[in-house]
Structures are given as C-alpha cells and as structure tokens.
Amino acid sequence: MNPPSKIKHYLQFKDFSLEEYAYLLDRSRILKAKFKNYETWHPLHDRTLAMIFEKNSTRTRLSFEAGIHQLGGHAVFLNTRDSQLGRGEPIEDAAQVISRMTDIIMIRTFGQEIIERFATHSRVPVINGLTNEYHPCQVLADIFTFIEHRGPIQGKTVTWVGDANNMAYTWIQAAEILGFRFHFSAPKGYQLDPVMVADSSRPFVHVFENPLEACEGAHLVTTDVWTSMGYEAENEARKKAFGDWMVTEAMMQRAQPDALFMHCLPAHRGEEVEAAVIDGKQSVVWDEAENRLHVQKALMEYLLCGRY
C-alpha cells in the first residue's frame, strides 16, 4: 500500500491520467475476481462513506453502499429531506462538517459547480456520483466492461446516439485520455455545447447528422434516456425530436460485427433503444451495471489507500 500524500478528488473523468486509469482498470479486475471468489478484502475497515443524494438513484446508491461494505467500511445515506442541505445550509459549511465525520464522500447532485465547491472545502476525497454535466463513474464502468469483452479501447470507435448529456461529455474526456474515436449524433437543438468540449478533445470527436452513419464501423454503440432528470417538462418535445435516434438493429448492423451495445439504465424500450437491441446478444448492459460496483471499489480504495 502506498497512501496518497494529499487529498485527491474524482469530479470529472479528466481528473486522472492515462497511467492512473491503467492502474484503476486493472485493480477493478482484481477486486471483481475477489468478489466472484468470495474472498474477503477489507482495506477500508472502519472507514465511513457519506453518500449525499440530491438526485435519486438505484444503481448509484446500491453500488456505492455495497462497495464500501465489501471493502470493510460502511455508508451513511443523506438526502435533502434528511439534512440541512435541503434547508439552505451553505455548501461550504456542509463540506466542512461532513468531511470531519467521514472518510470519503460521494455526491449525486445537479450542477457541477455544487460538487466543485463542496470538494474545495472538504477535508476528505469527494467522488462525483453524477451531475448535470458529468458522470465519470458510469463511463469508467463502461470502459471496464468494454475491456472485459473486447480488450483495449485505445484506437477503437465509440458511437453515442442521443442527447448531449453528462454521459456524452464524459465520454469525450475519456476519448482524449484513453485515445479512441468518439462518434456523436443527435437531432438539431440537442447538439454538443462547444463550451463543454475542450480544444484538446476536438480531434477525437466526430459529429454526424445521420445516426446510421455515426454507427458505421463502431466497436461500441451506446445511448441514454432522451429526457434526463430535471428536463421532464420537455419529455413530449424530446420524444418527437429524437424519434430517428432510437438505437435499432439496423444501426447495430452498420457497426462492427462484434460491436457491443451499452446503456447506463434505466432504459425505455421502444424509445431510445429497440427491445431487440438491449435484450439481444450484443448487449452487455447487465455486466455494465454490475461493473459500477467493482470500478467504484477500486476508486474508493485508490483515493483512500493509494496503490497495492
């Protein structure tokens, strides 16, 4: 074990280097093997994870809570109904208090600026469980899943069909760091925000008007719901706009013969993806969901203990 010399947070995918991701992805493989072999591994014995939820979730809560338990620690769940966060307590004050009573903090919230402010005033590592702008833990799990099934992602093509949301922007950061092509296709009005795409990332991003063309030669096709949390009022308008951006068998046929399909879930069959695709032989969504558990264990272990 080589404990970190200073506090490190995980707020965006770009917070870690290529070399750190190589370690984390290999460590995820090792921790998953321990889990499958019922091997006890408690490097975080008596450590406490605070989980702060301003946005509800099944997979995020379950994977973090089970993960810290499997590493020998325990979790405390907080939401805006159960804490002063929902009653106007300044973020800076909450960060000071919560970080003095826990060892690591995961936050699932709205604006990225909230978690950035929290981390600035935290005395312990902070992990982004999801914000409107980024979802790094999910993309880390997706990449680990791809590697499990198909080997290194470097030099491959990942196609995103759908909204320019937190997943898409996180994939863009990952493409630059890990060295793969990112194809993006969305209807007019739902395109990428240029402000959210760093100049250094642009060579890795290729935008297509036609989703079929975007899928051409892809090694991975992935998508998400058309209406993310907080945009429910736009649901009907989005359904009309995204009609041609449902991932279909025809799109998968344009991809590589052994292309994978992923979706971060929950999914709406018949909207962003055909049932035949998500339930088909190219889909790895259940492995993808499980792997949130293993990559987040590797992440928490790394932030608190360093390398083994």
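Heads up, the Cβ atoms here are built off N, Cα and C, so glycines get one too.
Features as listed in Swiss-Prot:
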- S57, T58, R59, T60, Q84, R108, H135, P136, C137, Q138, C264, L265, R292: carbamoyl phosphate binding site (BINDING)
- N166, D224, S228, M229: L-ornithine binding site (BINDING)
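Mapped onto this structure are the features recorded in Swiss-Prot.
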residue: S57; record: carbamoyl phosphate binding site; DSSP (3 states): coil
residue: H135; record: carbamoyl phosphate binding site; DSSP (3 states): coil
residue: N166; record: L-ornithine binding site; DSSP (3 states): helix
residue: D224; record: L-ornithine binding site; DSSP (3 states): coil
residue: M229; record: L-ornithine binding site; DSSP (3 states): coil
residue: C264; record: carbamoyl phosphate binding site; DSSP (3 states): coil
residue: R292; record: carbamoyl phosphate binding site; DSSP (3 states): helix
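Among the binding-site residues listed here, namely S57, H135, C137, C264, R292, H135 has its C-alpha nearest to that of N166 (L-ornithine binding site). For the recorded L-ornithine site, residues N166, D224, S228, M229 set the reference point as the centre of their Cβ atoms, and the other residues of that chain within 8 Å of it by Cβ are L130, N132, H135, D163, N165, M167, V225, Y231. All protein chains considered, the CB of C264 (carbamoyl phosphate binding site) has 23 other CB atoms within 10 Å. Other C-beta atoms found within 10 angstroms of the C-beta of S57 (carbamoyl phosphate binding site) number 16, with every protein chain shown included.
Residue pair H135 (carbamoyl phosphate binding site) / D224 (L-ornithine binding site) shows a Cα separation of 12 Å. Looking at R292 (carbamoyl phosphate binding site) and M229 (L-ornithine binding site), their Cα atoms lie 20 Å from each other. Of all the binding-site residues in the record (S57, R59, C137, C264), the one with the smallest CA separation from M229 (L-ornithine binding site) is S57. Residues N166, D224, S228, M229, recorded as contacting L-ornithine, have a largest CA-CA distance of 12 Å. Under a cutoff of 8 A between CB atoms, and with a sequence separation of 6+ in the same chain, the neighbours of S228 (L-ornithine binding site) are N132, D163, N165, N166. Just so you know, the Cβ of R292 (carbamoyl phosphate binding site) picks up 25 other Cβ atoms within 10 Å once every protein chain is counted. C137 (carbamoyl phosphate binding site) sits 15 Å from D224 (L-ornithine binding site), taking the C-alpha atoms as the reference points. Non-local neighbourhood of R59 (carbamoyl phosphate binding site): L265, A289, R292, each in the same chain, at least six residues away, with C-beta under 8 Å from its C-beta.
Counting every protein chain shown, the number of other Cβ atoms lying within 10 Å of the Cβ of N166 (L-ornithine binding site) is 23.
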